[in-house]
Amino acid sequence: MEPESGIGSSTSPCQFSLVTLSRNLLLAYQSFGVVYGDLSTSPLYVYSSAFSGKLRNHHNQEAVYGAFSLIFWTLTFVPLIKYVIIVMSADDSGEGGTFALYSLLCRHAKLSLLPNQQAADEELSSYRYGPSSAQAASSSALRRFLEKHKRLRTALLLVVLFGACMLIGDGVLTSAISVLSSVSGIQSTESKLTNAELLLLACIILVGLFALQHCGTHRVAFMFAPIVIIWLLFIFSIGLYNIIYWNPKIVYALSPHYIVKFFRETGKDGWLSLGGILLSITGTEAMFADLGHFTALSIRLAFVFVIYPCLVVQYMGQAAFLSMNLDSFSNSFYASIPEPFFWPVFVVATLAAIVGSQAVITATFSIVKQCHALGCFPRVKVVHTSKHIYGQIYIPEINWILMVLTLAVTIGFQDTTLIGNAYGLACMTVMFITTFLMGLVIVFVWQRNFFLATFFLLFFWLIEGTYLSAALMKVPQGGWLPLALSVIFMLIMYIWHYGTRRKYNYDLHNKVSLKWVLGLGPSLGIVRVPGIGLIYSELTTGVPSIFSHFVTNLPAFHKVLVFVCVKSVPVPYVSPDERFLIGRVCPRPYRMYRCIVRYGYKDIQRDDGDFENLLVQSVAEFIQMEAVEPHYSSSETSPSREELMDLIRAKEAGVAYIMGHSYVKARRNSSFIKKLAIDIGYSFLRKNCRGPSVALNIPHISLIEVGMIYYV
């Protein structure tokens, strides 16, 4: 978001600072409704999850003190120090998340596996970040080692994709555990619902939640912020009341000494309980992932001055209550609420759970969009839901898949402890991967000492690895779910990426000889009719093999031909004035051009009907620029004017979009696994995803398709 207009050079620094501060305070307010719903609703289920299982044998005051001390120091080290202070400084032009870190690494070391990258992409204004990549390459043996081995670069991409798959699983589990935990509070009242009625209520709320997704978070974020703020005031007040009323001595548990006593007393049972303790930091990744919607300062202000103190006081208050009520662990949050305030807190808790789910679902849409930009996810419909916040999108297919999976998890498990085991494993895996990528960013992007990066990795991996090891022990008790979901999504991503790369390599190795095209002459051996033909291909150089099929199958061709390549580059956004890269394919009389259309991984290909005009305008500017370059003589300016007039007349005659309707099949001598991946897996995905013409917003009435079989 840009600063408000009207701030000119005459504005004093004091006025500018006030405007900047007020803007960040407004964004901090809005962030409550988008970023912090998940993290702030964790007190609903942390203690009940931690003290289930074998820790039931340790329902005593010392164990409660130790559990709170663990929660306090975990909140301090992971969300506060790691994310707020360190990780959020590694934004990619204001964007956050694992893909932002991977994008930074791809730009500062040659780690990208996108097939059609060019040196010209490095000239984009958004490509540059900090020290130049040339300086980095000369100072890092590790960088050269990674660049040299393709398998390591592939492994890095797989790690990023695995984190993305876990985050998609997080989108399923967050909604299930948040809504089920919030409505389970009714069980604490005298008018108890049966388990079936409680489950039905949770499912109704979940269906309503996903049915509202098409509206977009921009319309409700401002309205949702007061809900989360009221919720935070409630949990802070209840926590403070419980500390004073039940056990003020709980403040002593801030000492890490109680963590040592906790493990000394509980042993292996205490270690296994970490799978429940880690739920206190679920939703932390959203602070970094949703950075592009706000600013780093606004998210930091909200966390340091509101979220962190409210959560610490609430967990401390709940621990104070439990230390004096050792039979209330199964529903500790609602049991700790003073009776007159139960129903207001219950209503706000349910609304806050919905807000928390909304944030993670929206993040899932962004993750899927970014995976598609990397060529690792089938084409899906992407709807831009906000005119003001560019990154807010809605993907109908993913929304309904998430709804079905969430309902299946809710109905299948019916237990927040089991869902919590799965949820904790998914969240901690994403954090573990973020720590790994951040270590590489410290070395490659920030150009810091290798030993500093090693210390960062070892310190936070020690904390997160301990939690992750405990979460992995819960695999038989629900933890298998995110692993199963990740395997399914990884399989889809790998098959799609494998098939797409094979198809691209076929085009790359079967390009039409330029000598053959020149031999046809300017007429190409067929009738050239008025109009512009846009020939779509993934190649950034040469003439695609499908062009020979066009020439031999079509009786006439357009007078102006433009080979269009739409590709992704490892930056979040590409400026509109840098989007089109124009060049010639053949000498001027052939009227054949190449247009490379570049999008960032967060860019949306809008269906605004202006693509044709922008493309033709870019070609015209290229012709004019070429005519005035010093190496062209004055005698050549007249042909340039003629060329420009031909372009204008061709545009007036009409534009046709020419694409290959391709069928990809494995060669006969291919292995069984390859035939299974290409002929069944990739073919199924291609048939059931959106067609390339629909994904590229090509008008159907202007589309010409020529069939072609790829044997890969």
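Backbone N, Cα and C atoms are what each Cβ position is placed from, and that goes for glycine too.
Per TrEMBL, domain 'K+ potassium transporter integral membrane' is recorded for 27-517.
TrEMBL lists 530-710 with the feature domain 'K+ potassium transporter C-terminal'.
For 63-85 (among others), the entry in TrEMBL reads transmembrane segment. The list of residues near the transmembrane segment (63-85) in space but at least 6 beyond its ends in sequence, with Cβ under 8 angstroms from a Cβ of it, reads 39, 46-47, 50-51, 55, 250, 252-259, 261-263, 265-266, 270, 273-274, 277-278, 280-281, 284-285, 287-288, 299-300, 303-304, 308, 311-312, 315-316, 319, 322-323, 326, 431, 435, 460, 463-464, 467.
Within its own chain, the transmembrane segment (152-173) is flanked in space by residues 98-99, 102, 105, 111-113, 145-146, 282, 285, 289, 360-361, 363-364, 367-368, 370-371, 374, 376, 402, 405-406, 409, 419, 422-423, 426-427, 429-430, 433-434, 436-437, 481-482, 485-486, 489-490, 493, which lie at least six positions past its ends and keep a Cβ under 8 Å from the stretch. Among the features that TrEMBL reports, transmembrane segment is placed at 152-173 (among others).
Residues annotated as transmembrane segment in TrEMBL: 193-212 (among others).
For 224-246 (among others), the entry in TrEMBL reads transmembrane segment.
When Cβ-Cβ distances below 8 Å are used as the criterion, the transmembrane segment (270-289) is approached by residues 35-43, 45-55, 58, 63, 66-67, 70-71, 74-75, 78-79, 83-84, 87-88, 96-98, 167, 170, 174, 262-263, 299, 303, 311, 315, 356, 359-360, 363, 366, 417, 420-421, 423-425, 427-428, 430-431, 434, 466-467, 469-471, 473-474, 479 of the same chain, each at least six residues removed from its ends. The feature transmembrane segment is assigned by TrEMBL to 270-289 (among others).
Sequence-distant contacts of the transmembrane segment (301-321), counting only residues of its own chain at least 6 positions beyond either end whose CB sits under 8 Å from a CB of the stretch, comprise 24-25, 28-29, 31-32, 35-36, 39-40, 42-43, 46-47, 64-65, 67-68, 71-72, 75, 79-80, 84, 229, 232-233, 235-236, 238-243, 245-248, 250-251, 253, 280, 287, 328, 332-333, 335-336. Annotation comment: TrEMBL describes 301-321 (among others) as transmembrane segment.
If one looks beyond the transmembrane segment (341-368) by at least 6 residues along the same chain, the residues whose Cβ comes under 8 Å of a Cβ in the stretch are 33-41, 44, 97, 99, 164, 167-168, 170-171, 174-175, 178-179, 181-183, 185-186, 188-189, 205, 209-210, 213, 217, 220, 224, 227-228, 230-231, 234, 238, 283, 286, 289-290, 334, 377, 380, 391-395, 398-399, 402, 602. The annotation transmembrane segment is assigned in TrEMBL to 341-368 (among others).
Taken from TrEMBL, the feature transmembrane segment applies to 389-411 (among others).
Summarising the annotation, TrEMBL assigns transmembrane segment to 423-445 (among others).
If you look up TrEMBL, you'll see 450-473 (among others) marked as transmembrane segment.
Taken from TrEMBL, the feature transmembrane segment covers 479-496 (among others).
Across the residues of the domain 'K+ potassium transporter C-terminal' (530-710), the predicted structure has a mean pLDDT of 84.
Just going by CB pairs under 8 A, the stretch in 224-246, 423-445, 450-473 that sits most against the transmembrane segment (479-496) is 423-445.
Sequence-distant contacts of the transmembrane segment (193-212) (same chain, six or more residues past either end, CB-CB distance under 8 Å): 175-176, 179-180, 183-184, 186-187, 220, 350, 354, 357-358, 361, 399-400, 402-403, 406-407, 410-411, 414.
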